[in-house]
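**Student:** So Swiss-Prot lists the following for this protein:
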- D13: active site, proton acceptor (ACT_SITE)
- H41: active site, proton donor (ACT_SITE)
- 12-18, 40-42, R304, 330-332, 412-414: GTP binding site (BINDING)
- D13, E14, G15, K16, N38, A39, G40, H41, T128, R142, Q223, T238, R302: IMP binding site (BINDING)
- D13, G40: Mg(2+) binding site (BINDING)
- V298, N299, T300, G301, R302, P303, R304: substrate binding site (BINDING)
Amino acid sequence: MPAIVIVGAQWGDEGKGKATDLLGGRVDYVVKPNGGNNAGHTVVVGGEKYELKLLPAGILSPNAIPIIGNGCVVNLEALFQEIDGLEARGADTSRLRVSANAHLVAPYHQVLDKVTERFLGSRAIGTTGRGIGPAYMDKVARLGIRVQDVFDESILRQKVEGSLRQKNELLVKVYNRRDIIADEIVEYFLSFAERLRPLVIDSTLELNNALDEGKVVLMEGGQATFLDVDHGTYPFVTSSNPTAGGASVGSGIGPTRISRSIGIIKAYTTRVGAGPFPTELFDEMGVYLQKTGGEFGVNTGRPRRCGWYDAVLARHASRVNGFTDYFVTKLDVLTGIEQIPVCVAYDVDGVRHDEMPMTQTEFHHAVPIFEYFDGWTEDITGARTLEDLPENARNYVLALEKLSGTRFSAIGVGPDRDQTIVVHDLIND
């Protein structure tokens, strides 16, 4: 069987965890191909809410093998804290595997992340402060430490010492912080070796063998399209490629083996941290969406910025990722709103743009051009088909589908996995 990739189509927090959980019972592997413990997602199973950060949502699917892929950066302390938290609630985490080639987040990465954000002041990106960016910087600079290095103390020490030569210069001379002792970092990593060893595999080989055997592999992208370091609203982005192409790189599964590219998109739009957001609301309606939608970060608790659905973003995300399907989430949050605006194009200095402006400056100047749709007051959380939806809710969904350029195959009408309208099967249709 070919592989399936799930990608956020906005700025994150679209409900990728729900989509993965919904499909998890029908797949054999769930892979996290990028990111670290900076991108939290919430999964609701049987009324129980689970907030996951580093672990793939597939950890809650009893028949799927969850894998942290080679494109991830792993904070070992956070990993085992998350595992322990799930096990304390009765979850089985014994199937979890970690790629030997995944990079590690060191304590000094977290220090650098926080002091750099403070140093930037008003120009700060708004990172989570968890060291993800600095870990990816080391990976690209060939200074990174990988999971496999924890099992070879000589290599580990050599890499830590090499990395700290540069970082201590920066910490002491620029940020006026004390230097970091290499021995302490080596001991920190070695303390996890015994517990880590049984989890580590050659994930590329494992996944490709599974596909050869006819098994189904689901790749669960972290963050989202417009946080992609290449395709996002640079520089207000993450440090990896959370697009469909990045999922291929971060898992070791070749692009020709991917049959479905599924975009996860909210029925409105949210964003955390700094950066442009054309449809952002600064009034009571923004607060209403925030409170009704529970729009607070899983990792940081920060309130998410809220705005209306942006079809320009949806079309661009579909193009960049080659989406075959959209899974729309949180339609129920819009219940009770009299009129719902949808951004169909931008006005940039008097010129209409139906597609994403080419430059960062133009996007910062983009003013949304709205079309308006009548809302609905009926409770839709029990809807399981399009026909179950009130007429205005159905019209809204069909309009978004047409504007977004990709078929809507599933629609979330509540937080639980079964509160979903499935229009087209996401694996076989």
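Heads up, the Cβ atoms here are built off N, Cα and C, so glycines get one too.
If you look at the structure here, what lies around each of the features I listed?
**Tutor:** The secondary structure of G12 (GTP binding site), as reduced to three states from DSSP, is coil rather than helix or strand.
When secondary structure is read from DSSP and collapsed to three states, H41 (active site, proton donor) falls in the strand class.
Neighbour density for R304 (substrate binding site): within 10 A of its CB lie 21 other CB atoms from the protein chains shown.
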**Student:** Among D13, E14, G15, K16, N38, A39, G40, H41, T128, R142, Q223, T238, R302, listed as contacts of IMP, what is the widest Cα spread in Å, to the nearest whole number?
**Tutor:** 34
**Student:** Give me the non-local Cβ neighbours of V413 (GTP binding site): same chain, 6+ apart in sequence, Cβ-Cβ under 8 Å, ordered along the sequence.
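**Tutor:** The answer is L331, D332, I380, T381, G382, A383, L389, Q419, T420, I421.
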**Student:** Taking 10 A as the limit, how many CB atoms besides its own sit near the CB of H41 (active site, proton donor)?
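**Tutor:** Looking across every protein chain shown, the total is 26.
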**Student:** Rounded to the nearest Å, what's the C-alpha distance separating H41 (active site, proton donor) and D13 (active site, proton acceptor)? Just drop the number here, would you?
**Tutor:** 7
**Student:** Just to be sure I understand the packing, how many Cβ atoms besides its own are within 10 Å of the Cβ of R302 (IMP binding site)?
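**Tutor:** R302 (IMP binding site) is surrounded by 13 other Cβ atoms within 10 Å.
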**Student:** Please name which of the recorded positions listed here, D13, G15, K18, G40, T128, is nearest in space to R304 (substrate binding site), Cα against Cα.
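**Tutor:** If we rank D13, G15, K18, G40, T128 by Cα distance to R304 (substrate binding site), first place goes to D13.
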